[in-house]
Amino acid sequence: MVVGDVTTGTELLVIGGGPGGYVAAIRGAQLGLDTTLVERDAYGGTCLNHGCIPSKALISASDVAHDARQAESMGVFADPAVDMAGMTEWKDGVVTRLTRGVESLCKNAGVNLVEGTAEFVDDGTVRVAHGGEGQGSESLSFEHAIVATGSRPMAVPGFEFDGEHILSSKDALALESVPEKLLVVGAGYIGMELSTVFAKLGAEVTVVEMLDDVLPGYEDDIATVVRDRAEELGIDFNFGEAADNWEETDEGIRVQTVDEDEVVTEYNAEKCLVAVGREPVTDTLALDNIDLQTDENGVIPTDDQCRTAFESVFAVGDVAGEPMLAHKAMAEGEVAARAAAGEPAAFDHQAIPAAVFTDPEIATVGMTESEAEAAGFEPVIGQMPVRANGRALTVNEKEGFVRVVADADEEFLLGAQIVGPEASELIAELGLGIEMGARLEDIAGTIHTHPTLSEAVHEAAAAARGEAVHTR
């Protein structure tokens, strides 16, 4: 690469080194394309550095502390002390190891790595600004470009993130002490995961949510299981309230919310975590220079090959819209790289799993019963309660269920919903089933190891056929 006015070229340019971007870059290089990856921060993106990995590390650590306190029924007695600074240091070590791993994978694949912020000059050129003022820039021409710039936490008007009083999820994951009182605005998956973490670590947690329940978009019986467990942890929920304003106090902050009747409620807390969703990051790309439009949510529209309105420009991951999931971004990155290399490729949305790492976990894939009906199917349902699974009881778990949705006529698997221990691991079998066109008999006819949680998947499929043995 030459710094200055000279333009150098690459066949495949990837902007953003998160899950979608680094996978696209590695696959492009493996397919023989001269590939360049531009990243302005840390390799691995939000997922690895400020999202999926660090949050799950803290979830695991908080589970250890909580489980130790709850082990008396198993004849184990302990009173663990929490060192949040030490926990954060351990979490950061995990992140550093994986970030270095991603960089190493890219280098080993032959990907050219460039640090900086890329913006489009035209539909065949970007300018990359390196670091801060005086660090210089360079121009890169490309045959194909893949935009994978990810997303960032959305702020509530008047509640801009300051890292001290008003926290984003990124800020919350970097805390070195447990807040005595934590107010969480938003009861979606991020708000619920982090509320659970800090409640288990000893914080007094209050959640306010505009809607009438936790986890908007999930079925009521799933949300109920998670909300009930959260309330057992001491989390206080207040629904139908919107954050309105806040002020600093001697003890921390005072937040006012307002409901639809204009009733104002005040909450005192040490810190306020705002978790109301995420928005695509496109403002650094100078999309106006190539007249590439985004929709009203800032999403770059794409086709089933992840191509934008420009044949040479692709978009993958969060900038390409919901669901904003790392594994969806990776799959799209694969598709875009193959399409750029001239290989046949298309992205299929029907079997994208999703997981929420609450207590208990939630995992879903494919259609719900109502979605199947709306799609014209006559669905049949099979459900297995967690409390009827022997292995679940041996790990002191009893709440939740495994549910499968199938077509009543042909018994093709259409979807699944799990709430319970290790749901995020169990869902893979059912995602594979949907992907390969499996029928209920394929799941029910497969011998599952005993005693394991996976037997609940087997039993749910059998229940849908009227052949359940271990549940009524």
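Here the Cβ of each residue, glycine as well, is placed from N, Cα and C on the backbone.
Feature annotation from Swiss-Prot assigns FAD binding site to Glu39, Arg40, Asp41, Ala42, Tyr43, Gly44, Gly45, Thr46, Cys47, Lys56, Ala118, Asp318, Ala326; the stated evidence is similarity to another entry. What Swiss-Prot lists as disulfide bond is Cys47-Cys52, and the listing cites similarity to another entry. Residues or ranges marked as NAD(+) binding site in Swiss-Prot: Gly186, Ala187, Gly188, Tyr189, Ile190, Glu209, Ala275, Val276, Gly277, Arg278. Summarising the annotation, Swiss-Prot assigns active site, proton acceptor to His450.
Cα-Cα distances to Ala326 (FAD binding site) place none of the recorded positions Gly186, Gly188, Ile190, Gly277, His450 within 10 Å.
Here the Cα atom of Ala118 (FAD binding site) is found 25 Å from that of Gly277 (NAD(+) binding site). For the binding-site residues Glu39, Asp41, counting C-beta atoms within 10 A of each C-beta gives the highest total at Glu39. In this structure the C-alpha atoms belonging to Glu39 (FAD binding site) and Ile190 (NAD(+) binding site) are separated by 25 Å.
Each residue contributes its Cα atom, and for Ile190 (NAD(+) binding site) and Cys47 (FAD binding site) these two points are 13 Å apart. Other Cβ atoms within 10 Å of the Cβ of Gly186 (NAD(+) binding site), summed over all protein chains shown, number 27. Packing around Gly188 (NAD(+) binding site) is summarised by its Cβ count: 19 other Cβ atoms lie within 10 angstroms of its Cβ, all protein chains included. Long-range Cβ proximity for Cys47 (FAD binding site), meaning a same-chain Cβ under 8 A and a gap of 6 or more residues, is found for Gly18, Pro19, Ile53, Ala326, Ala329. Of the listed recorded positions Cys52, Ala118, Ile190, Ala275, the Cβ environment within 10 Å is emptiest of other Cβ atoms at Cys52. Within 10 Å of the Cβ of His450 (active site, proton acceptor) there are 10 other Cβ atoms, across all protein chains. Cα to Cα, Tyr43 (FAD binding site) and the residue listed as 'active site, proton acceptor' are separated by 41 Å. Ranked by CA distance from Ala275 (NAD(+) binding site), the recorded positions Asp41, Gly45, Cys52, His450 have Cys52 at the top as the closest.
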